[in-house]
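Student: If you scroll down you'll find the structure; I have some questions about it.
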Amino acid sequence: MEQLKQKILNEGIVLSDRVLKVDAFLNHQIDPVLMQQIGQEFARLFRDEGITRIVTIEASGIAPAIMAGLELGVPVIFARKHQSLTLTENLLTASVYSFTKQVESTIAISTRHLSANDRVLIIDDFLANGKAAKGLISIIQQAGASIAGLGIVIEKSFQVGRQELEEAGFRVESLARIAALEDGKVVFID
Ligand code: 5GP
């Protein structure tokens, strides 16, 4: 997706050969127009899949997921990372190792919002080693729902996430694919 790649080139900051900072439009400040275009692109890619729910993880997956949900006309559920006094019902949970925070945490979705009749599109901001994605897949499978695929805003293709998810049989659609972060620069695949 050309607008996204331009934005990454213009406003992304390469923190190391493994970490890209996009606080200017995705992870802290959010560009609503770009998010709308991202939502439209995910909707175009998955429109024929009979999606009934979008599942993401707080916090940075929410903006692109909401826009895709608006385009597809389906509800968006975000997995919670923190215990909440209001989240008292039965929970589906998974343990996820965070690439950026380097800690293991439990993510949770209430059983009220996902059922075996659902067909789910998973959306997230980044795909690195696939831990967040696999946690979400586990929760969706616990609910008995089916998974249409994963929509990723920025994929770091030099990490193992895509390969492992594809080997497990999942469709992965990434709007920007990064081959390498080299000498402070972003190198895209095609
Ligand atoms: P994974 O679980 O695939 O290893 O990592 C994906 C998660 O880690 C995403 O939800 C994202 O929040 C975070 N993440 C991974 N790599 C990066 C990165 O280079 N930059 C930023 N800002 N977040 C990342």
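For all residues, glycine too, the Cβ spot is worked out from N, Cα and C.
The xanthine binding site annotation in TrEMBL covers Leu20, Asn27, Lys156. According to TrEMBL, the feature 5-phospho-alpha-D-ribose 1-diphosphate binding site maps to Ala128, Asn129, Gly130, Lys131, Ala132.
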Student: If one measures from the C-alpha of Asn129 (5-phospho-alpha-D-ribose 1-diphosphate binding site) to the C-alpha of Leu20 (xanthine binding site), what distance in angstrom results, rounded to a whole number?
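Tutor: Cα-Cα, rounded: 14 Å.
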Student: Need one number for the xanthine-binding residues Leu20, Asn27, Lys156: the maximum pairwise CA distance in Å, whole number please.
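Tutor: It comes out at 16 Å between the most distant Cα atoms.
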Student: Let me know how many other Cβ atoms fall within 10 Å of the Cβ of Ala132 (5-phospho-alpha-D-ribose 1-diphosphate binding site).
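Tutor: Cβ-Cβ neighbours of Ala132 (5-phospho-alpha-D-ribose 1-diphosphate binding site) within 10 Å number 26.
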Student: Give the number of CB atoms, excluding that of Ala128 (5-phospho-alpha-D-ribose 1-diphosphate binding site) itself, located within 10 Å of its CB.
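Tutor: So the Cβ neighbour count for Ala128 (5-phospho-alpha-D-ribose 1-diphosphate binding site) comes to 22.
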Student: How far is it from Ala128 (5-phospho-alpha-D-ribose 1-diphosphate binding site) to Lys156 (xanthine binding site), counting Cα to Cα, in Å?
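Tutor: If we compare the Cα positions of Ala128 (5-phospho-alpha-D-ribose 1-diphosphate binding site) and Lys156 (xanthine binding site), the gap is 5 Å.
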Student: Roughly how many Å separate the Cα of Gly130 (5-phospho-alpha-D-ribose 1-diphosphate binding site) from that of Lys156 (xanthine binding site), to the nearest whole number?
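Tutor: The Cα atom of Gly130 (5-phospho-alpha-D-ribose 1-diphosphate binding site) is 10 Å away from the Cα atom of Lys156 (xanthine binding site).
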